[in-house]
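Okay, structure first, notes after.
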Amino acid sequence: MDSKIGSIDTCKPTNGDMCSPANGTVSTIQTSVPPAVINSHESTLGRHLARRLVQIGISDVFSVPGDFNLTLLDHLIAEPGLNLIGCCNELNAGYAADGYARSRGVGACVVTFTVGGLSVLNAIAGAYSENLPLICIVGGPNSNDYGTNRILHHTIGLPDFSQELRCFQTVTCFQAVVNNLEDAHEQIDTAISTALKESKPVYLSISCNLPAIPHPTFSRDPVPFSISPRSSNQMGLEAAVEAAAEFLNKAVKPVLVGGPKLRVAKACNSFVELADATGYALAVMPSAKGLVPEFHPHFIGTYWGAVSTAFCAEIVESADAYLFAGPIFNDYSSVGYSLLLKKEKAIIVQPDRVVIGNGPAFGCVQMKDFLHALAKRLKPNTTAHENYRRIFVPEGHPLKSEPKEPLRVNILFPHIQNLLSGETAVIAETGDSWFNCQKLKLPKGCGYEFQMQYGSIGWSVGATLGYAQAVPEKRVIACIGDGSFQVTAQDVSTMLRCGQKSIIFLINNGGYTIEVEIHDGPYNVIKNWNYTGLIDAIHNGEGKCWTAKVHCEEELIEAIDAATGPKKDCLCFIEVIVHKDDTSKELLEWGSRVSAANSRPPNPQ
């Protein structure tokens, strides 16, 4: 069998390219090439780890140096297939690995013990919430220091070195502390394969004195990874399909709704196959945007309760049956628990479980298998989509700006819409960009990512760095609010060092607008920066960078023309000045409902 290294099992719909390779994971890696003897200077723990990362499809690792990981970094740099990217801080390194994993299917970061580990922890928690395989590598203490009752620097001053490990146990699916060479090979391979299998982050601590030491277990090419695919219980699968088919075939106007766990289930193709076969109206939850082709003939928009795209909620909530594939129902996706859905009308399909109405439930059933089999059992039914087309009225266009009129957000985003193509990808930061970017219509091949479950402000700067590094053939368009940008702004410098050509729209409205609409107070006002001046200072004449500050539509048009014309080979930073109260109507509605959910009084005891 031919060598197949770093193979990505993509999750692309059969009729389009809406899902990036992020929506799959690394598949079985096989080779027929006989194991080769490795030179002694390469038969080290550090080089073994580097080779393993390359084998699973990683060509870039995001890092921050510290004295416990420096030797390890030397060995990662020495690997020809690996590029080490130094970030300004550990949090951004973690966010970059997150963005990279969304595009490549797996990502990695390297930090130092405790001060680095606890700094990257928040980004790892976000990747865990979004089901992203991410290898978090920490340079740990010298192996001789374990069990000696010594106190080390970079710790909290106790001889117990387990604080960092205990912190990571709740946000990773596997942890390994490598402090001897005898079982290092097994621990590293188990950590990496577990991340791929579970599609979650793992923690790998490697003692600082081990990476450079040759060992017999690293002297030959390692046994190839073989990640066994998950399989369904055949009897359970057949029973689930039978029950679901009976449920849906008797419905008058059933609909399909895609959720974010389509990604981890690698079921995008199967979901689109089901939509093709049935003719059902097709919607997505907000956090699944980009996983389903929006140019599909039966696509009706984003289902987000009261803040859904026009006419979508009415069709979904009036249906007499709805199949949700991979949903996450939290307070944000349910708009403060205000969705008008009834459990008895719903089929909930999770990656390995199917629940039909109020019962029964079927376990050990893989989503991909279930959707594929169900597509063959359902009768075509286009009633819901016909109803949608019957009531649909094309959205109105905002009033045209007067000459030099202050720019409005509803003027900005139609211009961003015109930038989108199959050669672009959108990164939407937590905040009003969630709602404005949801209304963008993604053309075939256009990527889309945002972090809804964890919602960590500042995520998008690192994620833009990582995503753009993973797919240099796409131009990333990032929409970031000023409050979020202040959290992680430094790593624009890393984008410049890497020669990236992203377009960043910095939306400057003077504060934390999403928080204002949930609960306002003086803490939501931030110090205004000269953002373009900051980026110019970071640029400092090194690399290709271009900035613009726009106040009106005429200036915006000029800036976009420059960014896509003479400055298309530059990192383009466009600061958009808008009024502090200029928000989408969806944020106003959503904020009031989330506020109501947050403000519920305690239940009587």
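Including glycine, each Cβ sits where the backbone N, Cα and C put it.
The Mg(2+) binding site annotation in TrEMBL covers Asp482, Asn509, Gly511. Look at TrEMBL and you will find 44-149 tagged as domain 'Thiamine pyrophosphate enzyme N-terminal TPP-binding'. Taken from TrEMBL, the feature domain 'Thiamine pyrophosphate enzyme central' applies to 241-359. According to TrEMBL, the feature domain 'Thiamine pyrophosphate enzyme TPP-binding' maps to 451-576.
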When pLDDT is averaged across the domain 'Thiamine pyrophosphate enzyme central' (241-359), the result is 95
In chain order, residues whose C-beta lies under 8 angstroms from the C-beta of Asn509 (Mg(2+) binding site), counting only those at least six residues away in the same chain, are Gly481, Asp482, Val578, His579, Lys580, Asp581, Asp582
Local Cβ density at Asp482 (Mg(2+) binding site) - other Cβ atoms counted within 10 Å: 25
